[in-house]
Structure formats: structure tokens, C-alpha cells
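Peer 1: Positions annotated as domain 'Thioredoxin-like fold' by TrEMBL: 1-77. The transmembrane segment annotation in TrEMBL covers 102-121, 133-155, 167-189, 195-214.
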Amino acid sequence: MKVELLASAWCQSCRQAEQVWQIVAAEKSIDFAVVDATQPEGREIVSRLRIKTVPALIIDGELRGVGVTTLAQAREWTASSPARTAQQGQNVGILMSEDNRWFVASAMMYLMLGGLGLVINGALLSDGPARPVALHLVTIGFMLMLLYGLGAHMLPRFTANPIRTGFWPWLQMGLAHCGVIAYAAGFLIPQHGLIVAGGAAVWTSLWIFLWRLWPVLWPKPTKQDGIVLRVHEA
């Protein structure tokens, strides 16, 4: 079953509708996607189905209703779909998921800590025990965490492919945090073993991120006249 929620970033009720369908998408194995009405794909749906307002719900190419669907109604419409397994990925929408919000919040925290370290050290280029710690808090802590959060939220929207969720993003986050902390402690003590362990934890988190993101990067196979074609969807 293909479920599309036509929405817009400025529409408050669209966020409420997305929250309902994200719950259902986590329970049922449906092809769920949030389509921005201001993008070409959204405008095509608006023109084809003559939609006048958002949020609008399209199931298998047919307009099912407008407005916020209740959770009970959404579950009734998807009752025939099989339950979602833990291994299946999940499409992203306009709202940022909880794990991605924590990635971005962590990035801001590391940016402030890194900036504080540079202030204590005196300058970016001056030498001192706090300099490598501050630099790694900014580069690994801030930049990498921001990349994790925004990358997992934005990239799936370009291909409409689901990203692997579940406990994987939390494991990725935990390893990244442990890596940054071990890295910083290793430079301050100093302890070379902690630096190596921190680097290994960060690299492991990168591999998990790559594994989660890999299915997102490839277009979906679509069948047309008996031939499987690879096309990009948004």
C-alpha cells in the first residue's frame, strides 16, 4: 500500500497529520511518504487530483480525504497491510525524528564546549593542552553530529527511500559520544590508548551511518511494461 501525505512546511495541521501517519508507518509495512505541495512532485499531485487544501491523503494514487486523519481511521485504512518488521526502514517527513533532533542538539552542545575550550586556550592557533581537545570537539563533536542529524533527515527526502531506524541511530549516537569523550580525555590525561579507543568508536559510528544511509542513496526499482527501471522519486 502506497500512502502519500500532501503537506506544506507552513501548515500546522500538516504536522499533526504527519504525526498520526508516522505512528501507523511504524506499525504497518506501508510505503509512506510526505510530499511537499510546493515541490514539483507535490504540484503534479495537486494538478492531477484537483486538490484545494492541505493536508491531503492519497492512498494508491486516489484522494482519500483532506484534513487531519484520526489514528483510529488511519489504522482502519491500513488494516490489511502486514505488520512492519524491525529490519525495515522508515521514510522521513517534514518533522525531524527524535534521534535526529538529539544529533543536532548534541552538535550544538559540542560547539559551545569547543568554543569554551578555545577561549580558555587563548586562540585557535596557540599551543596548549586544551587546543586539540577544543578542535576535536568542534570537528568531530559539532560537525559530525550535525552531519548525522541533518543527513539522515534530508537525504531520504530526495529519493523517497526509507532509512534504517530502530536502535541503529541510537547505537551510532552512543558510539559517537563515547568516541568524542574518550578522544578529549586521552589528550588531557594524556593517554594514547584512550585516543585510539575514541577514534575506533567514532569510525564505528561512521560505518553504522553508512550502513543506514546506503539504501537511501539508490533509486527505487519501478516496473513499466514488464521491465524493471531505476527511477528517482521525491
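Cβ atoms are placed via backbone N, Cα and C, with glycine included.
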Peer 1: Where else in the chain does the transmembrane segment (167-189) make close Cβ contacts, counting only residues six or more beyond its ends and a cut-off under 8 Å?
Peer 2: 99-100, 102-103, 106, 110, 129-130, 132-133, 136-137, 140-141, 144-145, 148, 152, 195-205, 208-209, 211-212
Peer 1: Under 8 Å between C-beta atoms and at least six residues away from its ends: which parts of the chain pack against the transmembrane segment (133-155)?
Peer 2: 92, 96-97, 99-104, 106-111, 113-118, 120-121, 163, 169, 172-173, 176, 179-180, 183-184, 187-188, 202, 205-206, 209, 212-213, 216-217
Peer 1: How many of the residues that make up the domain 'Thioredoxin-like fold' (1-77) does DSSP mark as helix, as strand and as coil?
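Peer 2: Its residues divide into 33 helix, 22 strand, 22 coil.
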